[in-house]
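Right, one structure below, let's go through it.
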Amino acid sequence: MREVISIHIGQAGVQVGNACWELYCLEHGIQPDGLMPSSKTIGVEDDAFNTFFSETGAGKHVPRAVFLDLEPTVVDEVRTGTYRQLFHPEQLITGKEDAANNYARGHYTIGKEIVDLCLDRIRKLADNCTGLQGFLVFSSVGGGTGSGLGALLLERLSVDYGKKSKLGFTVYPSPQVATAVVEPYNSVLSTHALLEHTDVAVMLDNEAIYDICRRSLDIQRPTYTNLNRLIAQVISSLTASLRFDGALNVDVTEFQTNLVPYPRIHFMLCSYAPVISAEKAYHEQLSVAEITNSAFEPASMMAKCDPRHGKYMACCLMYRGDVVPKDVNAAVATIKTKRTIQFVDWSPTGFKCGINYQPPTVVPGGDLAKVQRAVCMISNSTAIAEVFSRIDHKFDLMYAKRAFVHWYVGEGMEEGEFSEAREDLAALEKDYEEVGTESQEGDGEEGEDGGDQ
């Protein structure tokens with residue numbers, strides 16, 4: 001088996017995790033108590049969904065996941081919620097005091113006390129796997145726990161499970177909406193770790209997803225539940241090929257191989273189509289070409305950044321539902337002819353496609369309509385550098401005055417770490433710039449190694 005372990009860190013990670021496991025259970029027909037009435041093979045470990053669930057002798061399915069937070073309130077909602085019987089109590093790990101939006105607390109003082117316990121639980125899950133293929137790590141970089149403990153855990157996972165791939169689903173601060181004043185600090189410090197210790201990081205931001213909910217689903221005031229259910233659809237589409245059998249299956253390591261041209265250039269944009277409410281879906285049937293086009297629309301991107309301002313290096317299209325390869329090829333051919341969608345000239349093909357015959361499932365009573373087919377796109381575009389330059393700018397404004405820095409230093413962090421992390425991000429922005437332009441100069445020689453410092 002090729003198992004995947006999900007790690008949900010901090011409030012954002014845990015709440016996105018809730019939405020994801022709710023959806024996985026619906027997709028596989030697993031009840032909130034972990035039983036699966038439709039399962040013919042009780043206790044047999046080779047069903048496709050066993051990549052995400054382990055099965056006990058009694059036929060109960062337990063998610064291969066851990067939920068971590070430095071304070072109990074958010075995880076308590078899992079402990080008392082609908083799916084409380086699904087998880088083993090040991091999988092829900094909480095501390096007593098929170099990171100207070102402070103990276104240093106999550107990474108040094110408070111995170112340090114809990115991290116060994118977390119790794120211990122993750123080790124138990126890993127020992128339960130026959131062929132662990134990697135980790136999915138869910139967190140945000142704006143708060144303290146997701147950024148600090150998230151970074152610490154990734155560093156430790158790199159040591160303990162060196163070669164296993166780590167995919168991060170990371171909520172980045174939005175341009176306009178902020179939940180904390182010190183977000184830029186936490187983000188820069190945490191991205192420094194994400195650069196080193198994740199293989200692929202998919203960037204999400206709340207503002208972009210708010211806008212999608214408002215525009216496409218007519219939700220006037222979207223809640224976090226609305227946002228998380230949309231994110232869950234994306235993550236479900238990416239992992240569908242691990243959990244179901246399909247025509248063109250995509251492995252976790254395949255994402256890496258196809259999307260990451262240079263080790264540092266691994267921050268992805270994602271989009272999902274069709275995002276459509278039940279009233280509208282009643283009147284329209286969306287073709288493969290239409291959903292593919294809409295996945296490339298700037299408005300569909302789940303992070304606030306305009307792909308028209310950059311070039312694509314690679315792009316992964318994961319279709320699910322009633323889709324045949326012929327339609328996909330036609331849709332991709334059309335995309336390639338569009339002038340607005342530019343690829344760097346050293347990446348001539350640039351597309352990886354996956355098809356899964358399981359149609360998308362929706363949460364009953366949720367916002368999304370049940371559709372026949374859907375597509376999720378993950379793309380590596382130089383435009384993502386916009387996200388970093390925005391955060392860097394805010395970081396610089398605050399750091400020039402050393403505002404709020406004492407909170408970090410007081411928790412045992414050195415001031416040099418700020419400048420080190422900031423320089424690393426400056427180098428990253430430069431890397432993106434070079435990757436987009438390096439192919440025009442010279443005779444293509446430095447194109448081979450120019451962007452990989």
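These residue numbers are counts, starting from 1, taken along the chain as shown.
Yeah, the Cβs are placed from backbone N, Cα and C, and that goes for glycine too.
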Where Swiss-Prot shows Q11, E71, S140, G144, T145, N206, N228 binding GTP, which of T51, T179, T253 is named for the same site?
T179
Judged by the number of other CB atoms within 10 angstroms, which among Q11, S140, T145, T179, N228 is the least packed of the binding-site residues?
T179
Taking the Cα atoms as reference points, how far is E254 (active site) from S140 (GTP binding site) in Å?
24
Among E71, E254, the recorded positions in question, whose Cβ has the most other Cβ atoms within 10 Å in this structure?
E71
Which three-state DSSP class does S140 (GTP binding site) fall into?
strand
If you count other Cβ atoms within 10 Å of each one's Cβ, which of the binding-site residues G144, N206 has the most?
G144
